[in-house]
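See below for the structure under consideration.
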Amino acid sequence: MRLEKLQIKPFKRNRQIMIEQQNWWKLSSIQIGGVVCLPMIMIGQTLNQQYGFASAICGILLGNAILLLMALVITHMACENRKTTMENAIEYFGKKGVSFFALTMSLSTLVWFSVQLKVMSLSLLDILHIHSEGPFIECIANTLLGLLITFVVFYGIRAMEIISNISMPLLLLTLGYAWYTADSDTTQTNHLPLTFAAISAIMGMAIVYVIDLPTFMRHARSSKDGMTSIFIMFILAMPILESIGVYLAAGKTGNIIEVLKRYNGPLWNLWVSLFLILAGWTTNNMNLYSGATSARSIFPNLNHSFNITILIFGVLGTLLANFDLLQHLSLILEGMGIVVTSMGTVIITRYLMMRISGQPITSRDYPWHFAAWFLGTVAGILSMNGIAITAVSTIDSAIAAHLGTFLILLSGKQHEKAYA
């Protein structure tokens with residue numbers, strides 16, 4: 001017995017060291033440089049052009065406050081159990097139900113991968129001064145860059161960490177210079193009414209990242225490191241980067257390339273294109289890694305390596321990049337936000353209920369969790385079409401899923417007792 005114990009203890013210690021490898025700085029650099037930098041700028045530009053400067057800033061502040069609360073709960077859960085997002089989802093939706101969860105996460109990540117790959121391709125063609133009339137040239141650029149990103153991710157999170165550490169200072173310096181030299185006019189959108197609709201786009205942009213935090217936060221050295229990284233992300237990094245995107249787009253039209261280039265000379269315009277390729281590359285590294293991790297749970301019985309999953313996911317994202325999703329980014333984000341926010345709210349609510357009551361989740365709870373998820377999704381869709389609680393679709397979906405988790409689970413328990 002003593003020998004068995006001596007053999008078990010080193011195994012557990014080695015496993016813990018293998019998982020807990022990132023301090024707060026490394027976690028933050030991976031997230032800022034590799035997950036949120038380009039999406040932040042893009043969403044800031046989109047919000048300013050659609051809702052106006054004041055509404056965009058309001059949406060950024062309130063949206064990130066809500067995301068912060070959700071992220072704190074999920075990070076605590078991730079640092080506590082050291083499980084991936086899909087492993088956590090099994091506890092709430094079961095081994096069969098987790099396929100729907102994984103499909104939702106993978107599709108959301110796939111959309112972001114394709115949108116940012118499109119921006120990278122446009123930037124590459126801009127550097128080469130190629131202006132194609134048809135989709136053929138863009139398709140070639142998408143294929144080239146998509147395959148390069150896929151092969152980098154083959155080397156795992158260590159390779160992505162190296163790229164993120166190199167790119168993050170360059171990305172922040174570029175945005176700082178762009179902000180300092182900007183001649184933006186924030187008064188041109190003063191005629192637009194103040195609205196909270198921008199909250200849905202902010203949450204839709206980052207909600208997949210929040211729900212998928214366990215995939216990355218399980219690598220945190222400690223719970224304190226994980227929480228510190230979250231505060232940096234949602235109090236400093238994300239609001240600042242989004243606000244820079246809003247400010248740079250003030251008084252301007254066009255896509256993200258045209259907004260950033262302005263009139264600072266040919267060298268600056270060249271660097272902007274290179275910057276967008278680098279920003280998209282680091283972000284899509286994490287999109288591909290996260291999406292492939294989720295996708296493996298859709299068909300758990302398939303016996304193939306993780307690299308094969310990465311390759312399949314990368315090819316699908318590359319093909320999707322040939323469709324012009326960038327023109328409908330705000331609507332896509334709102335739709336993704338509704339579905340994923342409902343799903344995440346069910347997990348967060350049920351986790352807190354379990355922590356407070358001490359009652360474990362059983363297989364009988366899985367159908368009720370799905371019912372609450374469905375209720376939240378329906379409420380969000382109705383909100384998009386004018387039948388609303390708060391007129392913000394993602395908040396409506398979260399409220400409905402939160403209340404639904406309580407009420408549906410309570411009625412289910414009473415039903416089980418009545419027929420026991």
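Each residue, glycine too, has its Cβ placed from N, Cα and C.
Features as listed in TrEMBL:
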TRANSMEM  24-47  transmembrane segment
TRANSMEM  53-76  transmembrane segment
TRANSMEM  97-115  transmembrane segment
TRANSMEM  135-155  transmembrane segment
TRANSMEM  162-180  transmembrane segment
TRANSMEM  192-211  transmembrane segment
TRANSMEM  231-250  transmembrane segment
TRANSMEM  270-290  transmembrane segment
TRANSMEM  302-323  transmembrane segment
TRANSMEM  329-353  transmembrane segment
TRANSMEM  365-382  transmembrane segment
TRANSMEM  388-410  transmembrane segment
If we skip the immediate neighbours and take only residues 6+ beyond the ends of the transmembrane segment (388-410), which ones have a Cβ under 8 Å from one of its Cβ atoms?
66, 196-197, 199-200, 203-204, 207, 334, 337-339, 341-343, 345-346, 349-350, 353, 365, 368-369, 371-373, 375-382
Which one, 53-76, 231-250, 270-290, has the most C-beta pairs under 8 Å toward the transmembrane segment (97-115)?
270-290
Under 8 Å Cβ-Cβ from the transmembrane segment (135-155), and at least six residues away from its ends along the same chain, one finds 117-118, 120-122, 124-125, 163, 277, 281, 284-285, 288-289, 292, 307, 310-311, 314-315, 317-318, 321-322
Stretch contact, the transmembrane segment (231-250) with the transmembrane segment (53-76), Cβ-Cβ under 8 Å, 3+ pairs:
yes
Determine which recorded stretch among 53-76, 270-290, 329-353 has the most C-beta pairs below 8 angstroms with the transmembrane segment (192-211).
53-76
Spatial neighbours of the transmembrane segment (302-323) not adjacent in sequence (6+ beyond its ends, CB under 8 Å) are 106, 110-111, 113-115, 117-118, 121, 135, 138-139, 142-143, 146-147, 149-150, 153-154, 284, 287-289, 291-292, 295-296
